[in-house]
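*Asks:* So TrEMBL has the following annotated:
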| type | residues | note |
| --- | --- | --- |
| TRANSMEM | 68-88 | transmembrane segment |
| TRANSMEM | 156-178 | transmembrane segment |
| TRANSMEM | 198-219 | transmembrane segment |
| TRANSMEM | 226-243 | transmembrane segment |
| TRANSMEM | 255-279 | transmembrane segment |
| TRANSMEM | 328-350 | transmembrane segment |
| TRANSMEM | 370-389 | transmembrane segment |
| TRANSMEM | 442-462 | transmembrane segment |
| TRANSMEM | 474-495 | transmembrane segment |
| TRANSMEM | 515-540 | transmembrane segment |
| DOMAIN | 577-643 | domain 'CBS' |
| DOMAIN | 674-732 | domain 'CBS' |
Amino acid sequence: MHADGMNDTTTHLLDFLEEPIPGVGTYDDFHTIDWVREKCKDRERHRKINSKKKESAWEFTKSLYDAWSGWLVVTLTGLASGALAGLIDIAADWLNDLKEGVCLSAMWFNHEQCCWTSNETTFAERDKCPQWKSWAELILGQAEGPGSYIMNYFMYIYWALSFAFLAVCLVKVFAPYACGSGIPEIKTILSGFIIRGYLGKWTLMIKTVTLVLAVASGLSLGKEGPLVHVACCCGNIFSYLFPKYSKNEAKKREVLSAASAAGVSVAFGAPIGGVLFSLEEVSYYFPLKTLWRSFFAALVAAFVLRSINPFGNSRLVLFYVEYHTPWYLFELIPFILLGVFGGLWGAFFIRANIAWCRRRKSTRFGKYPVLEVILVAAVTAVVAFPNPYTRQNTSELIKELFTDCGPLESSQLCQYRSQMNGSKAFTDNPNRPAGPDVYAPMWQLCLALVFKIIMTIFTFGLKVPSGLFIPSMAIGAIAGRIVGIAVEQLAYYHHDWFVFREWCEVGADCITPGLYAMVGAAACLGGVTPMTVSLVGIVFELTGGPEDIVPLMGRVMTSKWVATKEFTHVTLAREVMRPRRSDPPLAVLTQDDLTVDELQSTINETSYNGFPVIVSKESQRLVGFALRRDITIAIENARRKQEGIMLNSRVYFTQHAPTLPADSPRPLKLRSILDMSPFTVTDHTPMEIVVDIFRKMGLRQCLVTHNGRLLGIITKKDILRHMAQMANLDPESIMFN
């Protein structure tokens, strides 16, 4: 009788624990969210709003605001992403030209803009005008000669080192998270991981400024990858204006998926490619409404960037091209070879860059990031200046390599020999012989290819904002242009060969070297990234023609087959789970046998993020899973709000309190923090399936059972170590960062 009264009193006094406990459901830094819990929270929030919207006009207005808040936040994200991208493009172009000279008529004009209004330019030297002065002209008063060359050389190095030094100092002092590309970390965040401050306002400000400086310094990096990080920072900041997203981590990741699409949209001028990139590359959870909102965010961002028109060509990107000559069937062979080259480049770069990052981490060199950036920038500037193809901006280089030769092109790659009758080669015979003016740039391109490959390996990973898209595209475009000119000359000198005679008519425009450059760029970009469908979409929007889809698809699959290695080893969950035979027993909690003191001792003696809850030590029957953070918060909250909670108080996770002696202290009910449906697999589940489950569901851990009895646990780190071990690598090597 007394026991029944005690149960009623306990139930009455501890009803507050059935209500949401402040702090429970939040996450520590570098932890993973609970997707199921977040979706349940959002469903409950939505149910409450719908139940109240008929009570008053104010509640109905609140329900409309909640329904439209998703579209409003992606609109703001698209507007901010487009505006910042335009600002970055304009500022980077101006600072890049500042290394070579200055516009006297208007200091804020870059080289091209300075000569727009000049009436003294010629077709052959359209980039020379009296308003633009090189540093040698300003300092020495002469434009030609060894002295002017040395002065321009010195000023180029000086500005490159200044920009690089300022960029790395700003990153190191104000926002360490602003370095790198940001896409791998965004993929990690979208999978459910928490990185506080990575998408904050300070990171956004410093990333925007230092990205301009890093690109202008001439380092072998691009701004396209960091633009995705910038867009996601905008999405994260605007999401805090709406409680629907600020209080729910799963909903916030829907905004970040749309923001990543907007980032790719302004980076490549490809709104559809941005949506495909977000769907294929970065997002773990991508419902249909997120697809539409991602498309809308990409559309708004592209519209804003198009309105700003940062390149002055009415295009969203600098290297937009259109090819009017179709490709022929025999060209699939060099296209596939370029795909193989892209795959080999991707595999080589990944291995070499990881090896260099490990070397940096294991030596004293990695302790001085500012010195490392200065050294790499100095080597890059010293080696790049003598070669015009490494001196110029990488985006300008890609534009020149993509461009098809025509009567309006003054590039050295288009200086073909005219025909014997003296007429223009462009109209008489498009497949024309290459003269000395073409062979010299070919050697310079070969040297530029080697230079870009080496410097990209050492540049990617520096403590400055750095994207890999543009350097990879430049490497592929150089290789593709070389192959394209080689095939073009073969078609000219051996037009009677079967492959050329069958498709190429005499005097017809048969080979387009710019198309080879575009295919090579896409091949190398596909080799270093997991993109396939989204990459074809991005390049399709860049070229604007459906004729190039087939060679693009062929080279994407070729580079993917060469560079990608899937997890195909056949092992079982029991071989990977913890504990193993040499490990101590698994730390578990019983559902009603522990005291507060024993529970706190278990927490203090271990570093696990959570504990399985079982019926008893003897049965090992699984009840649920409790997080370490939630247990700690619940105990502290109960001690503040209720008297009688002592160290020897009984802790129970069941619906009803256990029968206790009359002199026992008040028990503590923790059922509200228990996850009663944790994800489980059997001990005979193949690891290939377990890996796929972790990838697609973003799990933090998975419990292993046998006929309902708990055997062990598998975490993300266990899977990463196992995959490294199956690849004959050190199991701890994958955790080196």
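The backbone N, Cα and C atoms fix where each Cβ goes, glycine too.
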*Asks:* So what's the mean pLDDT when you look at the domain 'CBS' (577-643)?
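*Replies:* The answer is 88, the mean pLDDT of the model over that range.
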*Asks:* May I ask for the residues of the chain that lie six or more residues beyond the transmembrane segment (68-88) and have a Cβ under 8 Å from a Cβ within it?
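*Replies:* Sequence-distant neighbours of the transmembrane segment (68-88): 208, 211-212, 223, 227, 230-231, 234-235, 238-239, 241-242, 244-245, 254-255, 258-259, 262-263, 265-267, 289, 293-294, 296-305, 307-308, 310.
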*Asks:* Taking contact to mean 3 or more CB pairs closer than 8 A (sequence separation of 6 or more), are the transmembrane segment (474-495) and the transmembrane segment (328-350) in contact?
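*Replies:* Result for the transmembrane segment (474-495) with the transmembrane segment (328-350) is yes.
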*Asks:* Under 8 Å between C-beta atoms and at least six residues away from its ends: which parts of the chain pack against the transmembrane segment (198-219)?
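*Replies:* Distal contacts: 84, 87-88, 91-92, 95-96, 98-99, 156, 159-161, 163-164, 166-168, 170-171, 174-175, 177-178, 182, 185, 189, 226-227, 229-230, 232-237, 256, 376-377, 380-381, 384, 391, 393, 455, 459, 462, 464-466.
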*Asks:* For the transmembrane segment (156-178), what are the same-chain contacts with Cβ under 8 Å, counting residues 6+ beyond its ends?
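*Replies:* For the transmembrane segment (156-178), the sequence-distant neighbours (Cβ-Cβ under 8 Å, at least 6 residues beyond its ends) are 95, 98-100, 185, 195, 197-198, 200, 202-203, 205-207, 209-210, 213-214, 216-219, 369-370, 373-374, 376-378, 380-382, 385, 391, 462-465.
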*Asks:* So are the transmembrane segment (442-462) and the transmembrane segment (515-540) touching or not, going by 3+ C-beta pairs under 8 A with a sequence gap of 6 or more?
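*Replies:* The transmembrane segment (515-540) and the transmembrane segment (442-462): touching, no.
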*Asks:* By Cβ distance under 8 Å, which residues at least 6 away from the ends of the transmembrane segment (515-540) in the same chain are close to it?
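*Replies:* Counting only partners 6 or more residues beyond its ends, the transmembrane segment (515-540) has Cβ contacts under 8 Å with 264, 268, 270, 272-274, 276-277, 279-281, 321, 323, 325, 327, 334-335, 338-339, 341-347, 349-350, 398, 401-402, 404, 468-469, 472-481, 483-484, 487, 546, 548-549, 551-553, 555-560, 562-564.
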*Asks:* Using a Cβ cut-off of under 8 Å, list the residues of the same chain at least 6 residues beyond the transmembrane segment (255-279) that approach it.
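*Replies:* That would be 70, 73-74, 77-78, 81-82, 85-86, 186, 189-190, 199, 223-225, 227-232, 234-236, 238-239, 245, 285-286, 290-291, 293-302, 305, 315-317, 320, 469, 531, 533-535, 537-542.
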*Asks:* Write out how many residues of the domain 'CBS' (674-732) are helix, how many strand and how many coil, based on DSSP.
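*Replies:* Counts, helix then strand then coil: 22 helix, 18 strand, 19 coil.
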